Each structure stands twice: as C-alpha cells, then as structure tokens.
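As written in Swiss-Prot, here are the features:
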type: BINDING; residues: 13-19, 41-43, Arg314, 340-342, 422-424; note: GTP binding site
type: BINDING; residues: Asp14, Gly41; note: Mg(2+) binding site
type: BINDING; residues: Asp14, Glu15, Gly16, Lys17, Asn39, Ala40, Gly41, His42, Thr130, Arg144, Gln225, Thr240, Arg312; note: IMP binding site
type: ACT_SITE; residues: Asp14; note: active site, proton acceptor
type: ACT_SITE; residues: His42; note: active site, proton donor
type: BINDING; residues: Ala308, Thr309, Thr310, Gly311, Arg312, Gln313, Arg314; note: substrate binding site
Amino acid sequence: MSKNVVIIGTQWGDEGKGKVVDLITDKVASVVRFQGGHNAGHTLVINGKTTILHLIPSGILRNHVECLIGHGVVLSMSALLKEIAELEVADIDTTKRLKISPGCPLILPYHIELDNAREIKRGKAAIGTTGNGIGPAYEDKVARRGLRVSDLLDPNLFASKLKEVMEYHNFFLTHYYNANPVDYQTTLDEVLSQVEQTKHMIVDVTEQIHQHIANDENILFEGAQGALLDIDQGTYPFVTSSNTTSGAAVTGSGIGVTDIDYVLGIVKAYTTRVGGGPFPTELIYDVALDKGDEIGKVLGTVGHEFGATTGRQRRCGWLDMVTLKRSFNLNAVTGICLTKLDVMDTLETIKICTSYEIDGVETTIPPFSAEDYAKAKPIYIKIPGWKTSTIGTDSFDSLPVEAQSYIRKIEQLANLPVDILSTGPDRLQTLILKHPFE
C-alpha cells in the first residue's frame, strides 16, 4: 500500500532536509515542493559531489522520480531556468520530469527591488530576508493583485495585468523608498522569453498528485525552511512569508488532509538560525572577528554553517527542546530524523535546553512574542560528550555509548522515535532505523 510522507524542518531551517529527501526518494514516484521560493537552499552530497537546489525538488537526482512544484510556491522563472541550466551542465535532465503548477505566483523584478528597498529602510531593524522578492510576491498573492504562471499562457492578458501592477509598485518604490522604478518593457520582454522555455512544464499539479494516489504510488512532500519560521506560528516578525508547517503541504499542493500518512521532522543535533530574531540557546560567535563563544565557533566551523543561498554565517547554539516540542505538535510529527550528530564529536559536554526562565518564572511553553523571547533564559541539562568520530557509523549499536545516550534522551524528551540518523553529509552516511515508506 502506498504512503504520502511530508518532510518538515522543525527548527529555523537548515536542518538538512535536502539530503534526507534525496535519500528516501528511492521508494517514491513523485516529490512535491509546496511552499516558499528560491530563498532556501537544499544541499545534497552524493559520492562526494555537492549539488545545491533552491526551487527544484530534491528528488531530481533520481532518474525515476517526477518533481512537482505546487501552487504554494512563489516562482522566479529566472531562478528556475538558472537552476535547470546548472543541472544540465551536470548531465541531470529535468525537461521530462519537472512540472510546474499554473497556480504558482510569480516573483518578478519589482518584487526583488521592493524586498531590498524595505530592508534598507528598516536599517538596524532589518529582518534579514534573502532579498529574493519572496515576501512581496506573497503579499501580492494575498492582495489578489499577483500574477501567476497561468497568466503567462496569454501574453496579451499578461502584458495588461503587468502594466497595472507595475504602476502600483513603481509608485511606492519612487515615492516612499526613494528607489529607482523598474522598467515595464524590459520586464515584459524578459518574462515572455522565459515562458517559451518552460511552457511544456506547466501542468495541473493537484490532478497529478491525485493520479499518483489513485495509482497507489508513494509521494514525498518536501518542505522548505523550518517550522519556527512559519508566518503564523513562528517567532514573528522574524519569520518567512509562507506557512512552513506540515499543514502547508495540504494548502500548497492540493492533497487532502487525511491523505497524509507520516510526517518526518528533521532535527539538527544542535540549533542554528540565519538573520535576526530570538534565539535563547545561542552561543554567540562572530566569524569575521574570530571572537565569541568557543563552542559556537566549533559548531559553526565543523558544521560549515553558512547559508547555501546567501553564504551568510548561521548563528549556532544548543538544542532547544522548548521550541522543538511545540514544533513537533504543530507538525504532528510521526518520527524524527536527527542530523549533524557528527559535528559534536569533539565536545566534552553537551547541553540540551529543557525549559526557560522568563521574568523569574520557569516555563516549558515557548513565549508568544519576540519581546518575551528576548527575555528567555535557557535552563539546561548536561550530557557527557563522546569525544570520538561518529562519521559514517553503519549501525546504531556501533555508536559511542554517550552518543546513544544523547539520542535516547532526545527521544525521551520528545516522546518520539528517532527513525533516521545522519552521520555525515554524504547520502550514504545515514542510518535508516525505520523507513518512512515502509
């Protein structure tokens, strides 16, 4: 019997979702992206070769897998074509297996200009967006003025709609942000030339998904970013512009709620965050100044904690079970995939945050506001480190006893099983204790 599995990052993104998606797609007919845009990077390492994807589902490296981009994704045609070209250079064919929903909102040049103009105007209060136009594109969608992939199929209608919406946005760019306007004709010509290269990929993705279900075929739904960046449930306003929880798989693809059989929550063995926002367990280290917390330095250096999309340094800290337990509930997580355990191989002692102290009161419930988060002081339990390499370990029993204890403690605190364990960046450096599709 087939299964529909959702993979979700349970923290602030960068948990290692791409590798895990690629690994378990050996058993699927299709992989579906359902939210976000090209603001997130999924890094895959196969036989030592690194591939970074931003828009295209991570199943593209499997020749038998169909890759679907659902209507919940905001789509930059420029970014998509760039990614396709990079894959073709690596002899990975996308033309027959990549499909795009006509309902995808388009990211256009004025969205990017607005994104960057806003960050400049915010100054020190900048959110830390990737500057790729994701937020403004989602705003247009909600305001019902956004252009969608389906609009491109009628060039005359698209030209008319584009002119109207560009007049609106150029007014704000010039009069409020003191920025340069975006040229209408240049934008129109660029986008219409791009659609000729992608027209054959546009299909009814929702119908495609239900055909797979009718044919009793496995489907994997690939989340981007992390649940704690969710526009509604995250650390607002330091969040992304889409819903990043497992529920977005339903709204962003068209699968029914009761059709989801399993949710795999990806958990990094420590915590990272890019950009601004609350981070109670942060171990502050500035890579440019080579100054700050030494363990924060180890986690960032050994873990190569630099963004796949922006190259920005990721903030690092201890595992935070307060936020994680909320995330597990939000996503109805079935099982955990624990990643980057090997990054902590050299540490003498490891800490896990199990509660916060806020205004002198201990709590295991995460605060609602960013202001209260800023006052949260982490309360830790300590676990002995294992001080030996776990890279490429081929069985759970082969792990150091202390590493096993760390994993068991996470399972105990989460009340969930660790079904997959990543012990290195390569596809093969993974222990599947229970396969989500079995």
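Yeah, the Cβs are placed from backbone N, Cα and C, and that goes for glycine too.
Spacing of Arg314 (substrate binding site) relative to Asp14 (Mg(2+) binding site) is 9 Å (Cα to Cα, whole number). Asn39 (IMP binding site) has Asp14 as its nearest neighbour among the binding-site residues Asp14, Gly16, Thr423, going by CA to CA distance. Rounded to a whole number, the distance between the Cα atoms of Lys19 (GTP binding site) and Gln225 (IMP binding site) is 14 Å. With Leu341 (GTP binding site) as the anchor, the candidate binding-site residues are Asp14, Thr130, Arg312, Gln313, and the one with the nearest CA is Asp14. Restricting the binding-site residues Thr130, Arg312, Gln313, Thr423 to those with a CA within 10 Å of the CA of Asp14 (Mg(2+) binding site) leaves an empty set.
Taking the Cβ of Arg314 (substrate binding site) as centre and 10 Å as the limit, one finds 21 other Cβ atoms among all the protein chains shown.
In this structure, the C-alpha atom of Gly16 (GTP binding site) lies 16 angstrom from that of Gln313 (substrate binding site).
Leu341 (GTP binding site) falls within a helical segment according to DSSP. Least packed by the Cβ count within 10 Å, out of the binding-site residues Asn39, Thr130, Gln225, Gln313, Thr423, is Gln313.
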